[in-house]
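Engineer: Have a look at this one before I ask anything.
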């Protein structure tokens, strides 16, 4: 159709028939897109005008208007109701029509086409006001501005009309709307007027309330007046009563009433408020009056609005006149042209006008343009007009949730399987046996035992997060797991800080919800330490994340009770919408440990006493508490798409409000919840019926379920309009599965919703255990809404997006709601990937983690054999944070990668030789090759793949061409054949390639430390170093090549590479008569054994023959000229002349000069004459490299990058230094990208992390971010158990009661009780693991008797046989708990270690508790054991264990096979000993004599004296043993029996004449294993044999195996029992009651810990007596590797610290991993203090370890400074830890100044 020659724009007085709410929602949505900037401006201006007008209303009217952020949300309420109905309707109609017009132009991208000569505007009633805005505009931007004034006038007119009209007739009391106008058809205007006049006269109707005609045309008449008067008029007049009439939707008053309004009224409406536009603004387009049918005569805006106001208030509408006016406009145009009507849908009036046009102008072409239909169009991804207009993308998530849901996939498995994670409170939280009272009579006790708990809450990788063990232990576990899940969520998101603009660290913020402080208030408060505040205060939860990752965006910790987690997400979203951050990490945190909170919530009737949250169940009786940690990563959607992220779901809106009107602060309120839903829906412009899934808050309380079911159903599934059957709304409640995570509840709900999107399934609801709660609305099914009672598919409709809502409500009254939709459908770009080789890098912060990461990846590859190697490379390189322990490879396919990974894992050297990258990145030197490496296509793949490299080449090529030289691009991209080329092309292409390569390396993030060029390569090196410009370099190279071609003869001279030194060549040539006179020149000294010589071709050929005759390898160089020889003389003057005008500058990068044999830093060394000399003189590459070494610019770690077509210089560097690290940029006959991949991996492994983002940028849209396994944490358990019952005891204080001292006799009965094991305090049994904590009192009569059966220095000292019996007792108990059907349990007590022996207290009636902790894992068939002293007051464990061991559950058949192979050897030695005794060569000792010798060190009680006779020779002995018949207590294996069969080794060491027993005594620090084939029998007869020998690797230490025999069979063995030689003068110190506590205190302050995990300890003065592990019992505990101390000399305590000889402490020097003692001077003492205070081993304090890596922060620096002063008398400032950032620098300072 031809272009219209005329057009009418029609502004009607009625809304289109479309869903009005939907129209405004869509307007709102489009306004957020920057493609609709003017629409957004118009709506913002209109909203502002309306807010201003509402604010000017009387208070009672203001209160009728709901809050609105945009006028587009006002239609969501019934705006026609109330006194402001007319005003709202008028304003909204104006907004809709103008908004639709503006949006139409922007959507279709139409130029402003309303030409005044071709266009006329027309409309009715309020529509004319909208038309006025267009009439006053000359552009679309004008409409957006002027339109706001039209909105103002419309609103004011409506307010005024309603105000006047209500004075004429009051509204209906029930709110029913009544029409003020009826339309009559079939009667003429005159007939209707006559009937009305008669009615008004007869009824004496006052003038102001009369019924009158407001509009008329040929077929209809509008009758207007007060509703009751209209009704009366129709009843009065039979003609009217029986006419065809209909009420019009005019509900708010009278217009078109000249008898009612005057000019003053019009002035009040139009001019009483300041116009938003100048009143003088000219009228641009004709606007037809609905009264006259002619254009308004007004010339300005002020006049126009007055005329319109006059017409609307006092004028009658004559539609015939309007039609005539439009027909007149049509008539003036081409009668046979085209005419267009532009309107907002069609109406009856418009149909009539169009019919009139068709009748009068039948030949006229007609067109229609609808201004509404565009709003339903899809214009692709939104381009937000502002931050606030953005949708948000959730791109990563991680969790630790109950039931082992330690990652999202495990969480989904739990949901999909419908599992319930309910359990009772684990013993590691608190003891239910003491803290649970269902009757509620015990104060501070919980009335419910139930909860939902995460696995291993204390486990944490402290080293990864640069925290010392001491700091980690004091840090709240939820803070630790916030760090961990934040990292894992970032891993899933592929978030590498700084990779993209949206991930800059200063634009990343953290928001976490937390509502309790259990750890700070309970666990950590048992021993408040340095890290109490940063470890426990809430703000540090997310502050620590910001600090560790160096995020400087906002950091908020939010407490809104149960909704804290989702409120934190909402706050994070608000920060994104406000532009305060570009990426946020948000979540919720809850770890339960404190029974006080259980008691408080129970007493507040929040908690269920019967178990899990029973959401919507009729028996719902409260919620069940739960742990939970969750983190999500959120960005703006456009940023996520730009960053190539995987989008889990999109956030459309999020809001929080408060239930202010609830009946109590903790009671929910349906009205507040509904208001919040509507705010979120309004924010997003979403129809609530389009939401198909709601994740309920759903706590399972009667009040909560009732209120939420009401609010959700009323908003999302109202009775009217009702959902269609295909619009079913599904509901879910995750608390039915995992309980109520309180501060983490909201984030758990969000994670579930995200998984529902990912899995396209709604998991079944398991909360209804009996039947649905009758308080739930009964008609839900009719409304098509309900819980998903089975796993329900939730497919994504084609081309559409699913909407979901997540609720979370706080007990304090807060309501948070988040609205989600599907991620945009992503179509992966599919093109041919030219990269045949891909880099793959994996990293970790520890060797263990790296190995596990590789194993995880291998497993993932096995499960995903179709994985794309390119995607894997992209994910691991560009989308991962990289750490210090690294693996890397370049692979061509998945199979090759798998082979490489397995090979690395299988290699014994892989782990032992693995080293962390250095803290300081190695230096990088670029070596620029000469022209000898030229070939066509030498940069082909790089040129094709990388736009940056290509741009550099093209720019340099353009310079070269402008200098008059040929293009080098064909050489680089390989578009010319490889073959001979001119020197100009050859040399220019090499230099262009090298400059481009150097810049490309910098582009990839490689920082260059120095450059060196070889021959021609020097020009490229100078350009890269900034000595000369790139243009100058190309000019000089090109002109030099031209001069060479012009003045030198090709082929007359040649160059020869000789594998020999310059001196060797000279000697060989001069020494032969045939060659002595031949002239040649040295061109290059490449390496000490690689020299290039040059000369005439004839001379060089003869020399080559002579050298090869002497077996010297020679290679003829393929060059046309002999550079650096006399052949270059003809060009030297001209070259110098050409270079003289060039500006030579000081290098920005040091230049290694082969000419000068030095490093150039200044601007004077390189000049025109330098280039002359460099052309003529030899290239001394060796001298350049050696100069760099002398200057310290390069070292053994330096990386040398060969920048050239082929790695020639790399080979030269290796020839000079065989250990040098060299890599290539390009390599002949190898794909550039394969070469680059290998080189980048090498750089990465060396500690130079490339900018992987740039490497992958060219094809990023083709790659997908893979969901790979998460990081493998190197975890340690940092759990501080709550000891005792003090949360209960404090309740007694108000009664004046005090807690009695710890007494095991008062404790409840225990399931396991023996003479040594007295009370189980904690027990957890799962499928394959079990944990047990037992409490024992060494003052218990049986225990005390066992101690006094082994006396040293008149003290009862615990023998290792005591610990052996405890180990076997606990081991068999736990094993049978897991494997109840087992018949016999065979145990090997192995790796037994001890730090401090236990000495019995002498004070009668005292308590001396100890704690044994055991953890059995069936997967390893082992059980770990740790013994602790405990406080006599509280039962709290000491800071460090005094003994550890491992019980291994083994096959006795294997023992028998082992011992059978050895028995003949043992029996042979026994026979030899007995023969020696018979010969008088060995001592034969009776029982009294043997134990008399033993008494030299230890005095055994009678029951321990089982050896009947002993044959002893030097350090070898055999004993006949008879066990006493009595067990003397309840044991697994009585300690006195164990000692009897094994303490022969102690007699050998302390009774043999081969030992120096006068000056020393010998004690055992332990053994490697202890096994008994069968239980020892009362009265049983055995033989023991042992041979002790000195350990060469450890001075003063002896070891041996004790064999236990019955008859000829070995039935037991103590493997590698060790004895240490100790000066006898220390006997009193270690084994006396008075000194025991003092020695313990001293050793706790100086000795290294047996474990890096230090537990809280009571004050030292209250510690139980214990001494170092210097025991004589045969089965004791060896020192750990870090504590192989030899106490053979008096203490090395500084005199200033010695109080008296009798009180001097023994300082046990720690040893390094090589077994060498750590320096016992100041440095050693300082290291000991540092190890003790941080909880680290001394071995960890290596010289290269940094304080940051060790977790020594500013707070710990202050502590250490104070400890150095107080204990060592050393005054240092805490700032020293900043000035000396590593251990090595610190120790160097101490050695220098202390």
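Note: Cβ is positioned from N, Cα and C throughout, glycine not excepted.
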Engineer: If you look at how Swiss-Prot annotates this chain, which of 1275-1311, 1682-1718, 1719-1755 comes out as region 'Disordered'?
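Structural biologist: Among 1275-1311, 1682-1718, 1719-1755, the range Swiss-Prot annotates as region 'Disordered' is 1682-1718.
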Engineer: Look up region 'Disordered' in Swiss-Prot and report which of 427-448, 449-470, 471-492 it refers to.
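Structural biologist: Feature region 'Disordered' in Swiss-Prot: residues 427-448.
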Engineer: List, in sequence order, the same-chain residues at least six positions removed whose CB sits under 8 Å from that of residue 740 (active site, for beta-ketoacyl synthase activity)?
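Structural biologist: Result: 562, 613, 623, 624, 625, 626, 699, 700.
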Engineer: Can you check what DSSP calls residue 697 (active site, for beta-ketoacyl synthase activity), collapsed to helix, strand or coil?
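Structural biologist: The residue in question, residue 697 (active site, for beta-ketoacyl synthase activity), is coil (DSSP, three-state).
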Engineer: Determine how many residues of the domain 'Carrier' (1717-1794) DSSP places in helix, in strand and in coil.
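Structural biologist: Reading the DSSP string over the domain 'Carrier' (1717-1794) gives 50 helix, 3 strand, 25 coil.
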Engineer: Rounded to the nearest angstrom, how far is the Cα of residue 697 (active site, for beta-ketoacyl synthase activity) from the Cα of residue 1539 (active site, proton donor)?
Structural biologist: 63
Engineer: May I ask which residues of the same chain, at least 6 positions away in sequence, place their Cβ under 8 angstroms from the Cβ of residue 697 (active site, for beta-ketoacyl synthase activity)?
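Structural biologist: Long-range Cβ contacts: 562, 563, 704, 708, 733, 745, 749, 807, 808, 809.
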Engineer: Calculate the per-residue pLDDT averaged over the domain 'Ketosynthase family 3 (KS3)' (389-822) and state the result as an integer.
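Structural biologist: That stretch averages a pLDDT of 95.
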Engineer: Taking the Cβ of residue 562 (active site, for beta-ketoacyl synthase activity) as centre, how many other Cβ atoms lie within 10 Å?
Structural biologist: 30
